[in-house]
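The structure appears right after this line, and notes come after that.
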Amino acid sequence: MFSTETSCWFIRKVICWRATASIAWSVLLLPPTTAVFVVLSRFSLFHPFQTISECLSLLMSASSIFSFILLGGVIIMAGFLTLEYYTVIPTIACSKIALLGQLLHPRQFINSLAHCLMGIIVGWCCAVTIGYRYEMLGYPCQNSDGYVSMCVNEYHLIVLLAGAFVGFSHSLLGVIHNINYVSFQTVQQYKYFRFKGSLPLVVTCSKICGHFTCFVICIYLFYGHRIHSKNMDLSIHPLDSIAGLLDLSLLFHLWISATFLLFMWYITLLLFRIFVTEAYSFPVQPSFTEDSHQCLPKVLTDKHPMILKFLALQDLALLSQHSPSRRSEVFSLSQPGGHPHNWNAISKECLGLLADLTHRLVAYHETVATNGRAKSLSNGSERKTSSETSSAEDLMSPRPAFLMKTPVSVFTRSVGGSSQSPLTVPFTPDLDSPFASPALRRLTAPVEQGSPWHGTVQSPHIMRRAPKLWSTSTGSSVKSHSSCAVSIVFNIRLKCLIQVKSFLAKRVLIVYLFNKLPEASSQALFADSQAHIWALEGLSYLVQASFTEDHFGVVQTTLPSILSSMLLLQEAVDRHFKLPHASSKPVRSTGSIGDSAYKTLRFALRATLKTAIYRITTTFGDHLNAVEMSAEHRKRLQQFLENKE
């Protein structure tokens, strides 16, 4: 309930207003953008003054005003979709089949359909604005029978199809290139300067992606005859022919229309990124009790929405560097009581983030070390204790794949003491398996020395009654038989799955779809590392400032935990970068509006982690020798103290 209250407050008062402001600025930029489009689409080199006068009269006409209204609605719809689909943690597909699943998701289908509809609307506005032969979808013509009827204007039609295709391709490329991913700037800038610096990239990406209309022409060349009307004007060349499509004027108008459409969407997306990622200052201590859920220590503990947590961590990193007054509130004690609640909450959350990343890195490294095989399960009680109390130790221990093991002697005492018992070598169940029969476990259990059945029993009467003595009731016998049946069915299913897997592994297409993409697993592992970077910066700067500003010594109580967490993470990161593809830097993509900052987050995290440890060791120096830690951590810390790391 508390988390829901905070999320509603933040979405209502911050995110929605920022998204509204970005959409408003996009609508305000629409008239000058449309004016540039009108001039470029109707410009004539031999009649420049006549072109300018025609453009001015067109911009003042009723059709242009109606087009402005439609284009404004398209921008509002695009802004709403951006608000709905944006994310601060990118979705990275580790294989081709995973990427295909994202593209075929029903939510993505709705997004693609909406972009196709918006593309058709903008295409219609562009056709009406250009005028001439593009203005009307139908016009009166004379058919082969000599009668006057309505014919389809293919020039208008292909502009509409180009708008739909550009909208559909924009939606699909948004999934492939993570266009909806919103990253945070390392250096804080004013919104105007961020917009000014990103505007050339938007123009370049719009011009490059505008060439997608060439695919529309190629598709129409082969399939245009299927959408022809029966009433066609035979006096002109159809556009599904080579002569009809080799029209430079048509190619230019299609390209500039697609560029105009993409420029509007990219501007809306750029302004949304700028406004949403603007730094937000959370109060460290509440002025009133009812505002306590808006304070930084409380907000840091919330998981949803993620933009709230990211902005809180960004604010923590900024206040730890540039705000001594707010740092003093972090180091302050509660009244009454004298407890450092603010520091405890902040440090606990940051250390939890570092421990979570360390846990994931260790688990990933163990999975790679065992070549992706599943780890074996222990007994029921041990599994329960491991999952509840010591998950880290369970991850550190390798788990081999499920194997049918054959011990030297299955039963320590065979029936009747004979070594030729039928229950020996041919029948070798895995007694440690969770699917082993309870009756077999009772059968192989050692007999207590106080029992009358200890040792070798020679009486044939006792041997004949042995099965009744080992089964306490008829119900338990039925239960043991059902367990054996379940185990047999499971083994059959396991063999079938292995055979199907070996059959599919020989198919080239299946291997191509299911093979892991290089670097994708490493990128997915560090997809949310921006939060860990801010946590490291916030902790290290606060610890550095505590050397002179912490008058109550609240930081010194958690300094061993902070150093241990950083050193553990440093060790895990170093082990990860020794894996294949982990240390290779990705190629920077050009010509795409998608933000690829997530591809280099692991390098930024490694540099930030090393800088954070050096920041603490440089400030405290030899005083760190008095901090309690393990011998291994002390040896690693000594490398930083001697500047050898």
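Using N, Cα and C of the backbone, Cβ positions are placed for all residues, glycine too.
A TrEMBL annotation is a machine prediction, not a hand-curated record.
Residues annotated as region 'Disordered' in TrEMBL: 374-395.
Residues annotated as transmembrane segment in TrEMBL: 23-43 (among others). Tertiary neighbourhood of the transmembrane segment (23-43): same-chain residues 51-52, 54-55, 58-59, 64, 67-68, 71-72, 75-76, 79-80, 126, 129-131, 253, 256-257, 260, 263-264, 267-268, 271-272, selected by CB-CB distance under 8 Å and a gap of 6+ residues from either end.
Marked as transmembrane segment by TrEMBL: 55-79 (among others).
Counting same-chain residues at least six beyond the ends of the transmembrane segment (116-135), those with a Cβ under 8 angstroms from any Cβ of the stretch are 34, 37-38, 41-42, 58, 63-64, 67, 70-71, 73-74, 77-78, 153, 155-156, 159-168, 170-171, 253, 257, 260-261, 264. As annotated by TrEMBL, transmembrane segment applies to 116-135 (among others).
Annotation comment: TrEMBL describes 155-176 (among others) as transmembrane segment.
The transmembrane segment annotation in TrEMBL covers 197-223 (among others).
Same-chain residues lying 6+ beyond the ends of the transmembrane segment (250-272) with a Cβ under 8 Å from its Cβ atoms: 19, 22-23, 25-26, 29-30, 33-34, 37, 40-41, 71, 74-75, 78-79, 82-83, 86, 119, 122-123, 126-127, 130, 134, 155, 158-159, 162-163, 166-167, 170, 179, 182, 195, 198, 202-203, 205-207, 209-213, 216-217, 239, 593. Taken from TrEMBL, the feature transmembrane segment covers 250-272 (among others).
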Distal contacts, the transmembrane segment (155-176) - CB-CB under 8 A, six or more residues away: 85, 99, 102-103, 108, 111-112, 115-124, 126-127, 133-137, 209-210, 212-213, 215-217, 219-220, 227, 239, 250, 253-254, 257-258, 261-262, 265, 592, 594
Distant-in-sequence neighbours of the transmembrane segment (197-223), which means Cβ under 8 A and at least six residues beyond its ends: 158, 161-162, 165-166, 169-170, 173, 189, 239-242, 245, 251, 254-260, 262-263, 266-267, 270, 274, 591-593
